[in-house]
Amino acid sequence: MGLVNRVIRRLEVTHEPELTLAEQLTANDDLLPVEPENRTWRGYNYVAFWVADMFNINTWMIVSSMIQLGMSWWQAWICVLLGYGIATPFLVLNARPGAMFHVTFPIVNRASFGMFGSLWCVFNRAAMACIWYGVQASIGGTCVLVILRAMWPSINTLPNSMPVSSGTNTRDFLCFFLFWLISLPAIWFPVHKIRHFFVVKTIVMPIAAIAFLIWCIVKAHGIGPIVHQRSALHGSDLGWAMVISSMSCISNMATLITNAPDFASRARTPSAALYPQLFAPPVTSSIVSLIGILVSSSSQAIYGEAIWSPVDLLGRFLDDDPSSATRFGVWFISASFIIAQVSTNISANSVSAGCDLTALLPRFINIRRGGYIAAIVGLCMCPWNLLKSSNEFTSYLSAYSVFLSSIAGVMVMEYYVIRKGHYNVRDLYITGEGSWYWYTYGVNFRAYVAYVAGILINVVGFAGATGREVPLAATRIYELSFFTGFGVSAIVYWTLNRCFPVVGAADTFEEIDVSGYDESRANGLRDTDSKDGAPSETISERY
C-alpha cells in the first residue's frame, strides 16, 4: 500500500500539501487564473497566432469543394471571407471572459454549466482536439514524405513490411511517425511562451507561399484557366451554395470559438484579445485561400488538371527527373508546410486538449501532460483510416459543430445577458452550497436543457446529410446549423433563467469580479472563510 501511495504521489502534478478532495477535483496551477507575469500576449501575438493557424493545408484547399459545386473562383473566395468574417465576432464574444478574468475554457464553462456539469462539455472538446491532432499529424506526414523525396528520391520505393490490415504502408507510416516526433518538443513549452513559435511561422510561411505562387505562375506561363471559369450556378441554387460554403468555414472555426478563452486568458490587456482577433482570421484565411486558387489554376495549365493539394502538387514537381534547384525549392516549401502543420496542431489541438484534460483530472494532468496525451491518442487512433473514408468523416465533423455551437450559445448568453459581465472567480473553484456555480449538485440543468434544444433542432437535417429522405426545411435548418444551434440554445437558456433565476444574475452590465480575486492576490490577503467546500488556507492565498 505504501508503494502504491508513493507511485500516486509521483504521478501527481505539483500542488500545495494537504489539499481536500474537493480542491483536488477543481484546481491545479494550470486551472487557476493566469499569474500576472504570464499574461504576456500582446495584440501582435494574436495576429501571429491567427496567421499561424490559417496558413495550413486545409485553409489552402477550402475553396476546392466550392468551385466543384459550380461557383466561380471569386464567388468561392467571397464565401471564405464572409464565413470567417461572420465567425470572428462569435469568437471574440466567447473569448472575452478569458481575457477579462484570465481563465481558460473549462473554467469559463463552469460558470454556465456548473462545477461538475461542465465536465461533459470539456470532455467533448478534449475528444475533438485529440481526434483532430491525429488527423493534422497524418496530413503533416504527407509533407514529410515530399521533403524526404526531395532529399532522397529512393524513399518513394521503400519496401513495405506492414500488413494490409494496418491501412497504411511502411513509407507512409514512417513519414507520419517522423512528423509526430517533430511535433513533440513544441508541446513542452508553456502557453505564454509558445507565442514566439507563432511569430516564426508568421515570417516563414508567407514567404514560402508567395514563392510557391510565383514559381507556379512562371512554370505555367500565366495563372491558368480556373480564374476565367464562369459560375455554373444561378439564382437560388447559387445563393444556397454560397450559404453552405460560408457555413463550412464557420464550422471549421467552431472548435476555436468554443475554447477561445484558452489563449485569451494569456492576454496582457483585454483589448489585446479583442481587436486583432476581429480582423486577423478573415483577412489571413482569404489571403491563403486566394493563393491556393491561383496555384491550383496554374497547376491546371501545367498538368491539364487542377491539383488543389499543395503537397500533391509539390510531389508532381519531383516526378520528372527534377533539377537540384527544383528539389531545393520543393524542400524549402515542404519544410514550411511542416512548420505550418506543427503550429496548427499546437494552436488548435494540443493546447486545447491540454486545458480540457487538465480540468477532467487536475490532480494528475496539467496542460503539458494533456498535450502529450493528445499526441499519444492521435498516434494510437490510426488517423489515416479516418481520412480514407473522407465522406463519413466530413459528415461527422460537420455534425460535431452543432454540439459545440450549442455550448457556445449557452456560454455567451450566460456572460453577456444573464450575469452581465459579473464574475465570482473565487466560486469557480468551490464545490458546495453558497457558490454561484454550484447550481443543483454541481450541474446547471437550465444549461443542459438549452444545450439539448440546440442539438435537437438540427437532428432531422443531419439525418438528411447521411442520405435519408427528409423535408427540405430540415435540410435548410441543418445547413445553417451553427446559427440554429447557437441561437436556439441561447434563447432557451435565457427563457429558463427568466423562469428560474440563478444566484448572481445582474441588472446592469459591468465586467467585474465580485470576489476580488486579483486584488486579494496582489495585496497578499488571506481568506479565512471556513464554509464547507471552500479552499484550504493554503489554496486560499490565491483567492
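Backbone N, Cα and C define each Cβ position, glycine as well.
Counting residues 6+ beyond its ends, the transmembrane segment (47-67) has Cβ neighbours under 8 Å at 73, 75-77, 79-80, 136, 139, 143, 195, 197-199, 201-202, 205-206, 209, 226, 229, 241, 245, 248-249, 252, 256, 263, 276-277, 280-281, 284-285, 288-289, 291-293, 296, 306, 308-311, 337, 340-341, 343-344, 347-348 in the same chain. Feature annotation from TrEMBL assigns transmembrane segment to 47-67 (among others).
Annotated transmembrane segment per TrEMBL: 73-95 (among others), in sequence order. Within the same chain, residues 62-63, 66-67, 108, 226-227, 229, 231, 238, 242, 245-250, 252-253, 256-258, 260-261, 263-264, 273-274, 277-279, 281-282, 285-286, 289-290, 293, 297, 408, 411-412, 416, 486 sit at least 6 positions outside the transmembrane segment (73-95) and bring their C-beta atoms closer than 8 Å to a C-beta of that stretch.
Long-range contacts of the transmembrane segment (131-152) within the same chain, counting only residues at least 6 positions beyond its ends with a Cβ under 8 Å from a Cβ of the stretch, are 56-58, 171-172, 175-180, 182-183, 255, 311, 314-315, 318, 327-328, 330-331, 334-335, 337-338, 341-342, 344-345, 348-350, 353, 374-375, 377-379, 381-384, 386-387. Per TrEMBL, transmembrane segment is recorded for 131-152 (among others).
Here TrEMBL flags 173-191 (among others) as transmembrane segment. Long-range contacts of the transmembrane segment (173-191) within the same chain, counting only residues at least 6 positions beyond its ends with a Cβ under 8 Å from a Cβ of the stretch, are 38, 137-138, 140-145, 148, 158, 162, 166, 197, 262-263, 266, 338, 341-343, 345-346, 350-351, 354, 367-368, 371-372, 375, 378-379, 384.
The feature transmembrane segment is assigned by TrEMBL to 197-218 (among others). Sequence-distant contacts of the transmembrane segment (197-218), counting only residues of its own chain at least 6 positions beyond either end whose CB sits under 8 Å from a CB of the stretch, comprise 44-45, 47-49, 51-52, 55, 186, 189, 288, 291, 294-295, 298-299, 302, 310, 313, 329, 332-333, 335-337, 339-340, 343, 346-347.
Remote same-chain residues near the transmembrane segment (238-258) are listed as 53, 58-59, 62, 65-66, 69-71, 75-76, 78-80, 82-84, 86-88, 90-91, 94, 105, 125, 128-129, 132, 231, 281, 285, 348, 352, 397-398, 400-401, 404-405, 407-408, 411, 476, 479-482 (criterion: CB distance under 8 Å, separation of at least six residues from the stretch ends). What TrEMBL records for 238-258 (among others) is transmembrane segment.
According to TrEMBL, the transmembrane segment annotation covers 278-303 (among others).
The transmembrane segment annotation in TrEMBL covers 324-342 (among others).
With a cut-off of 8 Å between Cβ atoms, the residues of this chain six or more beyond the transmembrane segment (370-387) that come close are 126, 129-131, 133-135, 137-139, 166-168, 172, 176-177, 180, 183-184, 187, 349-351, 353-358, 393. Residues or ranges marked as transmembrane segment by TrEMBL: 370-387 (among others).
The feature transmembrane segment is assigned by TrEMBL to 399-418 (among others). If you look at the transmembrane segment (399-418), the same-chain residues 6 or more away from its ends with a CB under 8 A from one of its CBs are 90, 93-94, 96-97, 108-109, 111-113, 121, 124-125, 128, 250-251, 254-255, 257-258, 447, 450-455, 458, 462, 465, 481-483, 485-490, 493-494, 497, 502, 505-506, 509.
According to TrEMBL, the feature transmembrane segment maps to 445-465 (among others).
If you look at the transmembrane segment (477-496), the same-chain residues 6 or more away from its ends with a CB under 8 A from one of its CBs are 90, 112, 240, 243-244, 247, 250-251, 254, 398, 401-403, 405-410, 412-414, 417-418, 446-447, 449-451, 453-455, 457-458, 460-462, 464-465. Annotation source TrEMBL lists transmembrane segment at 477-496 (among others).
Per TrEMBL, region 'Disordered' is recorded for 520-543.
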